[in-house]
Structures are given as C-alpha cells and as structure tokens.
Amino acid sequence: MADRQDAERSGAGPARQSVPVASLVAEFLQEHGVDRVFGLQGGHIQPIWDQLARRGVRIVDVRDEGSAVHMAHAHTELTGQTAVAMVTAGPGVTNTVTAVANASVSRIPLLVIGGCPPIPQSNMGPLQDIPHTAILEPITRLARTLRSADQVLREFDEAWARASGDRGEPGPVYLEIPTDVLRRDVPPALQMREHLRAKPKRRPQPHPDDVAAVADLIRAAEKPAIISGRGARTTDGTDLVRLLDASGAAYLDTQESRGLVPDSHPAAVGSARSAVMRDTDLLITVGRQLDYQLGMGSPAVFPHAKVVRIADTASELIDNRRGEVEILAEPGAALAAIADALKDHTPDTSWRDELKAKHRKRAEDYRQALHSTENGADGHIHPNRIFGALDALDGDVLDLGETIMIADGGDLLSFGRLGITKARRYLDAGAFGCLGVATPFAIGAALAYPDRPVVAVTGDGAFGITATEIDTAVRHDAKIVVIVSNNRAWNIERYDQAENYGLVVGTDLADSDYAGVARAFGAHGERVTDPAELEGAIRRALANAPALVDVVTTQDAASPDSGKGLGFVPDYQALTPWNDAEVARRQEGI
C-alpha cells in the first residue's frame, strides 16, 4: 500500500490517473535536462522539493538563497544549460534579489522557483506574504504567479523560452506557485503534456545584404577590431577565429567571452587594449553591449571607429552606439557568413602585428611582476604574488588552461583580470560588480565539472559576504580552492577615500582568521604570511579540497582600476582617462 501511495505521489507508475502539480513541475525540469537544483528548503516549496528528490534530482542545499542563484548562474554560464534555483516565500525570495539582478545584468538564463502562500489565505495576512513578482519583475524576463493547475506546464514552457532568449533578451525568470496549487491533482486530459518537450532554440540567419555590407567595411578598413561578449558564446569560437583570420582584425575579449580565442592567436592583443580602442577605424562587436566597461562606445573612447554590431538580441545591438550595419542573427552564423564573403580578401595585418608585439611584451612583463613584486611597506604580501604562485604551479599540479578560475572583489578583481590569463573558463561578477560571488560560483562550477580544478581568488571583504557557503562545499564535496587576499580593508574604496577625500572611514576590516573559519566548517585551511609559502599552501589546498588559503596581503597595493579612478566614480565615464577624454570632447563641442 505504501509503495502504491509513493508511486501516486510521485506521478510515476501505471496506476496514475491524475498528477499533482508539483510532480508535473519536477517532470518538466527533468525533461529539460535539469539534474540538480540549488536552493534552501521551506514549507511553501516542499511539494516540489519532495518530488525532485523522489525522482533522483540532486538537491544542493545552501546557506543563503542568494548563493543558490549564484550557483545556478555559474552552472548556466559554464555548461550552457539553463539552471534552476528554488527558494521559499517571503525572505527566501527577497534574499535572492541581488543575485537575480546580477544574473539579469549578465544576461544569464536561469529559472528561479519561489514559494507562495495558499490562495485561500490571500489578503488575510498569511505567513511570509509579500508581492514577490512586483519586486522581481524589473530584473527578470518574466515574473509570474501560477494559479491555474492545468496551465502550469504551459507557463513553465513559456518561462523557459523567455529565459533562453527565444523571445528576446536572455536572463533570469521567476515563477511561483501557491502551495495549495502545488498539491492539486491535474487529470490526464488537462495536463497539456505537449509542453514537456524541450525545444531547440531558434537560430536566426543574417541577411545577405548585411553580410556583404560588413565585408565591404572590413575591406576598406586599415585597423579593424573585433570585441566579443557573452553573446559570442553561442559559438565554440571556430567561426570567430575564421573571421579574425579572414579580416586581419585585432581581437579583444571580455570576461564574458574569455577562452573563445586562444591567447596564442595572432589577433589576441588584450594587453594592448587601450591602443586598440583608441586607434581602430572599424569596431565590430559580437554579442557585447557597449557598457561602461567599453566606455559606452563613446567617440571619446573610440575616436576613429565606424561601428558594426552583431548579436542575437537587441540589448547587444542598439545600446549607446548604433552601427553602420546591425545584424540581428545567431552570431556564429553571421561570423561564418562574413568570413565566407571575405574568402578572396588578403588582409593587411601590419597594425595587428604591431599590437601583438606590444601585447607579448606587456604580458611577459606583467607575468614577471607576478613573481617578483615586493611586499608592501607594511611588510605584507602583494596580491600579484598569489597569481605568480598559481603561474608557477602551472604544468605541475595545475593545468591553468583547464582550471576554472574565478575572481571576486574590488581591487582583487582588477588584479585578477590581469593575473588570470591562461584559464579558458573564467568567471567574475561581470558588469553589475556584485561582490560575494567567488565561493558560490566555485561550488556551482565544481559540481558541474567535478574532474576539473576550480580556484577562486577573492578579496576578504567579498569573501565575507558568502563565507558560510564553505559549509555547503564541505557537505556537497565540492572540490574548490578559495584563496582570500586578506588586506583587512575594502581597499578600492579605501584608496579613493585617501586620495580624493583625505579621510579614511568605514573601509577598514578586522584581521580575521579566514583559514580558521574554513576549518570550523570542516574544510582544509591555511594562513600564509610569506610569499615563499604560497606555492606549498596552494599545492596542499588542491590536494585537500575543499580548502581555503588565507593570504595576508598589503593595503599598499593599488590596483590598476584604483589608479584609473574606478572607486571615485567620475561624472561621464567609469575610468578617469576616459572621463577626461569625454570632458574634452564635450568642451570641443561647446
């Protein structure tokens, strides 16, 4: 009898006549390839939680709901498969807001399932009742309460399509189902099971006239450049490399597209970024917004450039700087078509070759600095030495090319973007600048790819935001290594206060023992105060993951972004040199 009740509860077995909504939701997720869900349990979502567990879906239970969304974010970004976070009503939902906003700005497809009080209790002051959808609607592609049991599969099908960008910009979606609806049975005739089937994403093709126009612009350009973003990840990089070869363009990636083009390629000139942006006469963006990280595409930052935009969503096509040609199509298809149109073109690569020489020299100079930067005046380790130690271990206990690297923090993120050069898969918070992603991103990465090393380097301030997720890593055996640059400060802001205001206030942190925190949660933890100890500590951490290395670093180290005024927040641009150029452009226009 008990076995039969279990079968009916799960919606499985030949005895089934009707299926509870929670079972339909679980079946939908499985049909769409979901084999794990990140979440924090609560009574409002227990019916789905139970169904997923009974079906063998792995539940990754976390310590904070925002971390569940961060883990889902990392899973989606690394695997390309839409991931799921599940949280209970009220504070469970509100705790996700920052992480959902981060995924929204990063255009990451994911599904957040929230709890919702039962319909009979509506407007009566029920437990954890708050207008979830009104809160989340501005930062999601869809936020909806599902009240009709027989429409749930249709609603999930639509939400999944919206998350993937099938009807616009990709990003997070939010669905909630009142608990009483989750328990309702739906008869077979009303289940709408045709919505269970996962559907392939559409691949819009470029118009031949647009392809020809871009090819003509490339032929006429002397200094073409291509900048890629997250939208370029619809391809494996093959078509992008083909176009770089056919066009002779210089290439800049962003944190969104790291690894699509190997650093060894003649076009890869990331260390000469400023020169590319200043001198290019044809800028081609591929799946990349022209946001603050690219000077908003301003003529002050790209003074000589005609612009071509290629993307499969309008948000990466028409923001800030319109293109001479704008191609709304699947980026891989557009790149391949343009490369084909240039098959008889012999590009002049002299400008690119000069940039490559500069790139190699600067990259090597910086690599040497990673190994030799002196301690600060306070006697503590320079953050560069963390990345130098990782570089020294490359080819020994690490293959940095196969290592999933994560950077988090203010100053530390700036150091990390320069110090992490070999990893083909790299994550950071992206354009939203959300701190606290390192540990949850690392857990999501390690569970998705348990056979690959996962190393997260984070500032101490950023680490503290989600430090309790070390417990999650231990419980779920996520083999992560977290390296904390412990300079006892919110240092990018501290630098701004000292330089621009002359008063340091509210930016100093305690000299906390983060290795001790890790050990308290059951992870391996070591503290390092001498740069000579770094390699050994990281080696032991890799062998005993999950692990944390607490590196006592200097406050004297100002990151490149600090030096360029990122913490100051200039009036017109994110960085002072760009802001100065913008001011000059506006004065010339007066």
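Quick reminder: no glycine exception, Cβ is built from N, Cα and C everywhere.
Among the features that Swiss-Prot reports, 2-hydroxyisobutanoyl-CoA binding site is placed at GLY43, GLN128, GLN255, ARG273, SER274, ARG362, ARG417, ASP561, SER562, GLY563, LYS564. ARG417 (2-hydroxyisobutanoyl-CoA binding site) falls within a helical segment according to DSSP. Long-range C-beta contacts of ARG417 (2-hydroxyisobutanoyl-CoA binding site), restricted to its own chain and to partners at least six residues apart, with a cutoff below 8 Å, comprise GLN255, ALA407, ASP428.
Long-range neighbours of GLY410 (thiamine diphosphate binding site) (same chain, six or more residues apart, CB within less than 8 Å of its CB): LEU435, GLY459, GLY461, ALA462, TRP490, ASN491, ILE492, GLU493, SER559, ASP561, GLY567. GLY410 (thiamine diphosphate binding site) falls outside any helix or strand according to DSSP and counts as coil. Per Swiss-Prot, the feature thiamine diphosphate binding site maps to GLY410, ASP411, LEU412, GLY433, GLY461, ALA462, ASN487, ARG488, ALA489, TRP490, ASN491, ILE492; the stated evidence is experimental evidence.
Annotated Mg(2+) binding site per Swiss-Prot: ASP460, ASN487, ALA489, in sequence order, evidence recorded as experimental evidence. Around the Cβ of ALA489 (thiamine diphosphate binding site), the same chain contributes ASP460, GLY461, THR507, ASP508, LEU509, GLN555, each under 8 angstroms and 6 or more positions distant in sequence.
The annotation active site, proton acceptor is assigned in Swiss-Prot to GLU493. Mapped onto three states, the DSSP output places GLU493 (active site, proton acceptor) in helix.
With helix defined as DSSP H, G or I and strand as E or B, the region 'C-terminal lid' (566-590) counts 17 helix, 0 strand, 8 coil. Annotation source Swiss-Prot lists region 'C-terminal lid' at 566-590, citing experimental evidence.
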Fewest-neighbour residue among binding-site residues, criterion Cβ within 10 Å, set GLN255, SER274, ASN491, SER562: SER274
Per DSSP, three-state class assigned to ASN487 (thiamine diphosphate binding site): coil
List nothing but the one residue from ASP460, GLU493 whose Cβ has the fewest other Cβ atoms within 10 Å; the candidates are the recorded positions. GLU493
Round to a whole number and give the Cα-to-Cα distance in Å for the pair ASN487 (thiamine diphosphate binding site) and SER562 (2-hydroxyisobutanoyl-CoA binding site). 15
Among the binding-site residues listed here (LEU412, GLY461, ASN487, LYS564), identify the one with the smallest other-Cβ count within 10 Å. LYS564
